[in-house]
Amino acid sequence: LGSVIAYFTSAKFLLYLGHALSTWGDRMWHFAVSVFLVELYGNSLLLTAVYGLVVAGSVLLLGALIGDWVDKNSRLKVAQTSLVVQNSSVILCGVILMIIFLFKTQLLTLYHGWLLTLCYILVITIANIANLASTATAITIQRDWIVVVAGEDRSKLADMNATIRRIDQLTNILAPMAVGQIMTFGSPMIGCGFISGWNLMSMCVEYLLLWKVYQKTPTLAHKSAKVEASELKQLNVKKESDVKPAEGVQLIIEKDVTGFEPQQEKEVGCAARIAEPFITFRDGWVAYYNQPVFLAGMGLAFLYMTVLGFDCITTGYAYTQGLSGSVLSLLMGASAVTGITGTVAFTWLRRKCGLIRTGLISGVAQFACLILCAISVFMPGSPMDLTVSPFADISARLFENEPLPTIASPEPEMIFATGMPNLLNGSIAPANSDPEMSPESVPLISVSLLFAGVIAARVGLWSFDLTVTQLLQENVIESERGIINGVQNSMNYLLDLLHFIMVILAPNPEAFGLLVLISVSFVAMGHIMYFRFAQKSLGKQLFVCHTPEPKAAPDSSPPGNTSTV
């Protein structure tokens, strides 16, 4: 009983609990805000598209600056500030949306509708601020606090990373389902009120949990001003079972981060102040490029350039192929199960084969499963036809002076149940929803193979994601964790943005097969980059398990950088 109580009061469990609360609110909000924007703008996807573009562009441009801010301030200050800003922004957004839902008719008549447009801009701006604060929270908690709480035990760090990902997987499915039911049986306004109330309650509890974790882990109060030893990352040269620090390895806790406060105030000119963010942006990307784990990070980023995930694009395509919302919800549940399986596989493989080889095995497993998706493009039922112009329907309507299609008549129950409006044909309803067409007449071989490959690949995907995450945690010096992970987030968003641009250029179902093949190609390129990283790091021992992983090759890190892999 004492051990159980000790676990539930430990810093590790409190960190899990805080992350679960934060992620639950985050997933509810990300799901609901897209639905709200669709509902508000006459069931058009315009506001949702603008919101997605603003969010991706902001993290792409500001990721390095956010990471630099994380590095330069104390851990508790960063965590509490980002927590308060994120939740306050969501609460404020919820209140504004409730006002819009209540007084939309009146707002339309005021100043020729410009006041309503201003409200839309305000909602998107504040929601974007919430997302940036969420990015700062993720960097400081998942990339820094967790490393300090784990101490020098790499196995504990791997288990904590895996548990965090399991929480992510569960909340990804359960949180949208919960808020979707509230909006279905209540109303969008009730949904806004519920999310605002949840974030207010969650913010208070998370604030307390962060303080308790901070108190229970004294080393969180200190940050390395400059690093002269290699900290946790040199433990890569040890066997997996050895959790004691190696000889000569010194954990640097030089001084409290308050030591970063300028000791000598210097007059800074206006031009220098203006140039500072640009210099930080440049320095962040240069530092990222010079990291010994650069190729591994790039490999992970390339996996974002894909339509083979359970986002609105793939789900929209599934609707055009006749899959119902209930079937899609079951498939999403199956993907969550395989994702959790991937986190279990990661911890087992890391113990057996080491961290770097786990990434290789995971990459091969993911790519092998995605071969099914490539095969599905050529199977019966695949609509791929590259002779059909992606913009034929739009061109025809423009020349005939017909209005462009928007989302069909409101069906809030369907949106709230699945949260995935069809982006490919501009309609919420499935393309194959003709009442004359029986389910048996819809060829499902192609789409079945596609989703089989996507779901099975989640095992390798999440195991690979955890591998790269831990490589960044172990091999980036403490004083650069924030900025390097900020740039990594920027890279992820850049490739994610490119995949949306790819869909905009080929939005019709007939071109989706080509997008699948391009996606598989990018995944392959990502894993080739990781293979090159592993080859540099392990050399001839690349395919030999049960041996200690050696230091990184001399040419894999810049001169003066003491990081090892």
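Backbone N, Cα and C atoms are what each Cβ position is placed from, and that goes for glycine too.
Taken from TrEMBL, the feature transmembrane segment applies to 44-70 (among others).
According to TrEMBL, the transmembrane segment annotation covers 82-103 (among others).
The feature transmembrane segment is assigned by TrEMBL to 109-133 (among others).
Taken from TrEMBL, the feature transmembrane segment covers 293-319 (among others). Beyond its flanks by at least six residues, the transmembrane segment (293-319) meets 34, 328, 331-332, 335, 359, 363, 370, 373, 418, 420-425, 428-431, 447, 451, 453-454, 457, 461, 464-465, 467-468, 471-472, 475-476, 488, 491-496, 498-500, 502-503, 509, 512, 515-516, 518-520, 522-523, 525-530, 532-533, 536, 563, 565 of its own chain at Cβ-Cβ distances under 8 Å.
Feature annotation from TrEMBL assigns transmembrane segment to 325-348 (among others). Beyond the ends of the transmembrane segment (325-348), by six or more residues, the same chain brings 158-159, 161-163, 165-166, 169-170, 172-173, 177, 310, 315, 318, 358, 362, 414, 417-418, 420, 451, 454-456, 458-463, 466-467 to within a C-beta distance below 8 angstroms of the stretch.
The annotation transmembrane segment is assigned in TrEMBL to 360-379 (among others). Counting same-chain residues at least six beyond the ends of the transmembrane segment (360-379), those with a Cβ under 8 angstroms from any Cβ of the stretch are 299, 308, 342, 345-346, 349, 353, 445-450, 452-454, 456-457, 459-461, 463-464, 467, 513-514, 516-517, 519-520, 523-524, 526-527, 530-531, 534, 542.
For 442-461 (among others), the entry in TrEMBL reads transmembrane segment.
Sequence-remote contacts of a segment are chain residues at least 6 beyond its ends whose Cβ falls under 8 Å from one of its Cβ atoms, and for the transmembrane segment (482-505) they are 52-53, 56-57, 59-61, 63-72, 135, 138-140, 143-144, 280, 283-285, 287-288, 291, 297-298, 300-307, 313, 390, 423, 472, 476, 515, 518-519, 522. According to TrEMBL, the transmembrane segment annotation covers 482-505 (among others).
Sequence annotations record features per position, and here TrEMBL assigns transmembrane segment to 511-531 (among others).
The stretches the transmembrane segment (44-70) and the transmembrane segment (109-133) are in mutual contact, each linked to the other by at least three Cβ pairs under 8 Å (pairs 6 or more apart in sequence). Same-chain neighbours of the transmembrane segment (511-531): 295-296, 298-303, 305-308, 317, 359-360, 363-364, 366-367, 370-371, 373-374, 376-378, 382-384, 386, 388, 390, 424, 450, 464, 468, 495, 499, 502-503, counting only residues six or more beyond its ends whose CB sits under 8 Å from a CB of the stretch.
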